[in-house]
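Worksheet for the structure shown next.
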Amino acid sequence: MMMEDTLDHTRSSSMKETFYSQSVISLYPLIHSIHSRNQLDSIVSNPHSKRQAQYNWNYPNNIWKGAPISYYFDRFFPSDRIPSVRAAIRFWESQTCVRFRENGGGRARVRFINGNGCYAMIGKTGGEQIISIGYGCDWIGTIAHEIEHTLGVWHTQARHDRGNYVSINAWNVLPNQLYNFNTQSQSYTNLFGIPYEFGSVMHYAENDFARDRSRPTIVARNGYERFQHSMSNYLPTFYDIKLINTYYKCYDGCPGKITCQNGGLQDVNNCNKCKCPPGFCGTYCESIPSSSLYYSSLQSTSGCDRYYTIGSTPVKISATAGSNRLYSVNYNLCAIHLKPATKGRRIEVTVTTGAGMSSWNCYGAGVDVRVAADPAMSGIRICRPNTRFPSIVSDSDRMVLNLFARINYVSFTFSARMI
């Protein structure tokens, strides 16, 4: 069986822009693939896709446990894509207990190929299996997405509970691609308590497989409309990472449990401290960074993070991430923390001006406005600084504005007030 995704290529003299979909943990070994619009008819169809964990009759044989995952590059694999693959592998190793070994032995191993698009087997199949990183697939987020499929994860929007969060505009889906929007039976997958996250790296973007790209194929339901343009992501999220660590029982490797603050998770590679969401630091994620700090192998801050107490009078806040000479694998981050002066009140933010990198899907730069009470949950993304955007209101008495850039810079001026 095979499963498709879509990959848009928007190339200019300054950047390449890719678009990919997202997953869940599956019960069957499938091919997950991402293709450009011109490649959509080149893959055999399959009626299942989603984001949750593989948990069927073959579990746990369909997960990679014990020894590191052996992988190698096909002899026709372009050498200029190898650094991006290695960077994506380092990311997963830095965030989970899963390990990889380049040119390792064994019957079960992964071969990276230059295929017709981006696709991968779902979970361990028992023999040699492929991950295709074709033309336009060499964004680290896309590669990390394919690796997550190989680890056993399917797409988010195929969860059995997706009807609570999104609806599908079937009339706008390419006729031969409707199967990509089927849901997966609850009996074949395990959500592991992970909430539905529009911004997961395993979620389809809003217009994947669209007949008319100006109209969505996925529509956020009432109560979630503000996430309409924030589906998918540029890197795996905290909850994507938690899903893998839970599925692979990484937390069981820590002899004692610690309590983390601000949405942090116990660091499975150093059990005495917490892994913090961007914008927080400290042993237990109790602080905000005051100096340079690496959150992961692909995310760091220069210490620009700030904290504001907001009253009823609007406050002007300006922030920048990146620089006009930045072109990096690593995302430069800058977090602005907002709290109301009166406990129990909420924060309203309006973007007044913006400048810098503009990208359709935030692969180069943008801001993630975290509105949920849980600061680990991805938020509402703004990718085009010069585009008007409605006011955003927090769900609780906290809001974090996470600016990020790996190409050039992004700069915003916000007006914030307590409501």
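Glycine residues also receive a Cβ, built from the backbone N, Cα and C atoms like all the rest.
Since we're looking at a predicted model, the values are computed, not measured.
The following features are taken from TrEMBL:
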type: DOMAIN; residues: 52-251; note: domain 'Peptidase M12A'
type: BINDING; residues: His145, His149, His155; note: Zn(2+) binding site
type: ACT_SITE; residues: Glu146; note: active site
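His149 (Zn(2+) binding site) counts 32 other C-beta atoms within 10 Å of its own C-beta, drawing on all protein chains shown. Between the listed recorded positions, namely His145, Glu146, His155, the fewest other CB atoms within 10 angstroms of a CB are found at Glu146. Taken as a whole, the domain 'Peptidase M12A' (52-251) shows an average pLDDT of 91 in this prediction.
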